[in-house]
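Below is one structure, written out as structure tokens; the observations come after it.
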Amino acid sequence: MPMNIVNMFGKYIKIIKWIGIASLIGIVGGLSSVIIAIIIEYFPEKHNVLLIPIVFFIAGLFVDYIYELKGSGIDRVLKALNTNEKLTWIRGLLKVLLAGAVIAVGGSAGKEGPCVQSSASFADELYRLLKLKNRELVIITGIAGGLGGAFSAPLGTAILACEIIEHENFNYINLIPPIIASVVGYLIFYLITGRKHLFNITLSYTINIHDFLLFILGAFFCSLIAHCYIKTYRKISSTFDNLKIPYCIKTLIGGILVAVISYFIPEVMGMGLTLTKELFIMEFSLVFLVLLLIGKILATSFTVGSGTPGGLVFPSMCIGAISGIIFGSLIGDCSAPYIVLGIATTLSATTNAPLGGAVLCTEIFGFDFAVPASIGAVIGYQMTKLETIFKYIRF
């Protein structure tokens with residue numbers, strides 16, 4: 001009996017310890033998202049085509065001196081985990097500041113990557129400071145904290161963080177710290193900014209059995225586009241990596257190309273959240289949607305692929321939304337379910353995280369969209385399995 005009490009007390013202490021650690025990590029993730037939101041909100045020259053190359057060049061100067069600031073934040077964390085490199089929080093914070101300026105000026109990148117690197121770097125510092133044992137779980141918790149603050153969807157982002165690292169070895173026991181970190185990250189962002197949802201729109205959809213086959217066809221269609229997007233990004237990224245020139249010149253070239261695209265198609269600028277929201281409530285011609293799709297894929301590839309600090313998940317969701325509405329236009333039905341289908345398909349395809357993709361989209365858009373989200377996530381994962389947008393993802 002006394003031994004049982006001791007064991008139970010030990011479990012309570014362990015749970016309390018992890019709640020405390022995860023909460024601290026979540027606070028950093030939420031604050032990172034707040035910082036980027038403030039930079040974007042108060043940047044003096046938002047979406048200025050002429051400033052894009054200049055800001056990209058300045059960001060590249062930092063990358064030349066601090067390599068960890070390069071490109072995708074999630075990829076940087078994955079590389080550090082795979083190679084046992086140390087992550088430092090001050091560099092993660094610097095990436096948040098640079099990415100905020102890049103997005104504000106019009107770079108096609110997401111805020112989730114820098115937020116993830118910031119919170120995961122802080123988590124890694126805690127891992128070393130407190131001499132914790134399971135570094136992988138600590139890093140997963142860091143990823144979840146950053147995603148929770150960025151997406152305002154704590155459950156889906158916690159699952160997404162676990163799947164990105166563990167894949168088929170996903171263990172539900174490891175969900176506890178990531179969920180805590182993700183919830184705290186979301187709460188911090190909400191309490192400071194007042195923004196409760198990623199998309200402040202009300203959507204409704206009545207499930208129809210006749211849509212089932214169309215959802216399957218649409219998921220295959222969006223998977224094909226996601227595959228092309230992954231190939232395009234990887235090719236452009238490797239091309240920039242192979243250039244034997246300073247990163248500031250690489251990012252300058254990327255900035256010039258993004259500026260040219262943005263001049264003709266200004267809708268591709270930024271994270272893509274505003275554009276995704278507009279797809280739900282506005283009508284666009286099929287020709288313009290195709291141009292928008294190509295422009296967003298290229299703008300994202302030239303932004304993050306050139307080494308400019310930023311994230312890939314938000315632009316991927318936007319590309320998925322465009323893919324979904326293009327399919328809807330082709331069949332004569334541009335309703336919201338096909339946009340959600342496209343987002344779930346592309347999100348799952350680019351991250352190889354079907355469960356996280358399905359839950360995240362259902363959490364963001366509502367339970368009415370669980371069917372297209374689930375179908376899209378499963379098919380997107382199967383169609384592009386072992387091919388992701390992240391270079392250092394581990395299988």
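Yeah, the Cβs are placed from backbone N, Cα and C, and that goes for glycine too.
Distant neighbours of the transmembrane segment (19-39): 89, 92-93, 96-97, 99-101, 103-104, 111, 114-116, 118-119, 122-123, 126, 130, 132, 138, 141-142, 144-150, 176-178, 180-189, 192-193, 195; these residues of the same chain sit at least 6 beyond its ends, with a Cβ under 8 Å from one of its Cβ atoms. The annotation transmembrane segment is assigned in Swiss-Prot to 19-39 (among others) on the grounds of sequence analysis.
The transmembrane segment annotation in Swiss-Prot covers 49-69 (among others).
Summarising the annotation, Swiss-Prot assigns transmembrane segment to 87-107 (among others).
Residues of the same chain lying 6 or more positions beyond the ends of the transmembrane segment (137-157) and with a Cβ under 8 Å from any Cβ of it are 21-22, 25-34, 73-74, 77, 80-81, 110-112, 115-124, 126-127, 164-166, 174, 177-186, 188-190, 195-198, 311, 314, 356-357, 359-364. What Swiss-Prot records for 137-157 (among others) is transmembrane segment.
Beyond the transmembrane segment (172-192), the same-chain residues lying 6 or more positions past its ends with a Cβ under 8 Å from any Cβ of the stretch are 15, 18-19, 21-23, 25-27, 29-31, 33-34, 37, 119, 137-138, 140-155, 157-159, 161-162, 166. Taken from Swiss-Prot, the feature transmembrane segment applies to 172-192 (among others), supported by sequence analysis.
Summarising the annotation, Swiss-Prot assigns transmembrane segment to 206-226 (among others).
The transmembrane segment feature in Swiss-Prot is assigned to 252-272 (among others).
Under 8 Å from some Cβ of the transmembrane segment (279-299) lie the Cβ atoms of residues 108, 199, 201, 203, 225, 228-229, 232-233, 236, 257-258, 261-262, 264-265, 267-269, 272, 315, 318-319, 321-323, 325-326, 329-330, 334, 336, 339, all in the same chain and six or more residues away from its ends. The annotation transmembrane segment is assigned in Swiss-Prot to 279-299 (among others).
What Swiss-Prot records for 311-331 (among others) is transmembrane segment, and it gives sequence analysis as the kind of evidence.
Annotation source Swiss-Prot lists transmembrane segment at 359-379 (among others).
Below 8 A, the CB atoms of the transmembrane segment (87-107) and the transmembrane segment (49-69) form 3+ pairs separated by six or more positions in the chain.
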